[in-house]
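S.K.: Copying in the features that TrEMBL gives for the protein in this structure:
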COMPBIAS  77-92  compositional bias 'Low complexity'
DOMAIN    111-520  domain 'Major facilitator superfamily (MFS) profile'
REGION    70-92  region 'Disordered'
TRANSMEM  236-255  transmembrane segment
TRANSMEM  267-285  transmembrane segment
TRANSMEM  331-352  transmembrane segment
TRANSMEM  372-393  transmembrane segment
TRANSMEM  429-452  transmembrane segment
TRANSMEM  464-488  transmembrane segment
TRANSMEM  494-516  transmembrane segment
């Protein structure tokens, strides 16, 4: 008997078929005429070519496949003359073929990888306006204040969607919420060029982008809290949220050539298609879940098949211990730390390309290339910080101590570098770029500090806690980005408008974090 074995998720048998003309010399043509019969998953895929009727009859009596006698299976498609052409010779050929390639990857890694890719696209759609705003301002005649207003409108939607996103992630699972969020912000991104000449419409489109992206951090936090053990959590958070830095790099790299060759409108259309492509691909992978044969434990599943009524949703919202959250000093420390970190991050994300363009007299492409350096360096720093934090925890250092160390590095490093950049020390422009790059890159230690603390305190309410802190953390995007433009028009000083406010919040945030932060698990039990 010649036997071909494939490792797959179903067992299939190729029984002999009736052939009016036997052709012993044509193995291929005989093999192709055999009919495929498939059985339940979790077995090898076996291609059997019987070389003699005697051998086939011997196997019939002893072999059973998945509880079904082979002779019954073979009779379904066999004929009296089906094997006459294969009586001479015998042999066995075997090979293994794992498909699809990601079949054997652990479930939690698939979720983390998919989520990280969504975050890459997320920041591509966030930074595209910071580059496109330069030619848009020239074409539409915007002042710095108007440009700041347009850029800040994203954060209005971002702030509004944090708490709803955290609550929905807890109820329906982070995966479903993330999926809807990606589709929402991608479609809204495609609207930007269509309404650019109508400011209210442009503001609304960016608000919708903010709403779609605003639910993604809570969705990701829910996935990590449910799927990742404590000793792997820093790396998981770093990998997922590190996708934001990769997205910034990709967006800043792709936007300038697209704008110069196809116009600024092309950035929004093309980046939008990437998000829609992610959504379609995600649907395909979800549809293949049963085919690849990986079962997701019910207790860990992030998909809720249950249909919720309005009453049930309302009751679940009431069950959240809101009062206990706001009575906890550690929660307030997270809230203020998130606000402080976001002020420096969002103002720099929105205004650094303009700063480099005006302060260093760089053209659009050069300013974008220089703006890539901080997020590019952040990717490197993130990998170091996550390993550093997880190794400390594995070696027995208290989790709270590790989170405080990482967040302190994340705050003091950019504060020191912005101080050097804002002082008139006569430094060459490229040294200023290097200093800012180093400081902003080290702020990525926050991914192993603040951003892990929500899950440390309460895996059950991690998404809602992040929704609370991220709501407050979105306020700097609304106020800080617009205020920077206003101060720039008023003072014409980048130090006063961009750096000094960030330094203040970094320093005060460090003090509050060191005094009140904690990663001790909390029950947050409701009290009457």
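Counting begins at 1 with the first residue displayed.
Glycine is no exception: its Cβ is also placed from the backbone N, Cα and C atoms.
TrEMBL annotations: computationally assigned, not manually curated.
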S.K.: Report yes or no: does the transmembrane segment (372-393) come within contact of the transmembrane segment (494-516), defined as 3 or more CB pairs under 8 Å with a sequence separation of 6 or more?
M.R.: no
S.K.: Counting Cβ pairs under 8 Å to the transmembrane segment (331-352), which of 236-255, 267-285, 429-452, 464-488, 494-516 comes out on top?
M.R.: 464-488
S.K.: Can you name the far-off residues of the same chain, 6+ from the ends of the transmembrane segment (494-516), with a Cβ under 8 Å from a Cβ of it?
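M.R.: Long-range Cβ neighbours of the transmembrane segment (494-516): 329-330, 332-333, 336-337, 339-341, 343-344, 347-348, 351, 355, 359, 404, 407-408, 411-412, 414-415, 418-419, 421-423, 449-450, 476, 480, 483-485, 487-488.
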S.K.: Within the same chain, where does the transmembrane segment (464-488) have neighbours whose Cβ lies under 8 angstroms from its own Cβ atoms, ignoring anything closer than 6 residues to its ends? I mean 6 or more beyond.
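M.R.: For the transmembrane segment (464-488), the sequence-distant neighbours (Cβ-Cβ under 8 Å, at least 6 residues beyond its ends) are 143-149, 151-152, 154-156, 158-159, 162-167, 169-170, 210, 214, 217-218, 221, 320, 325, 331, 334-339, 341-343, 346-347, 350-351, 450-451, 454, 457-458, 494, 496-498, 501, 505.
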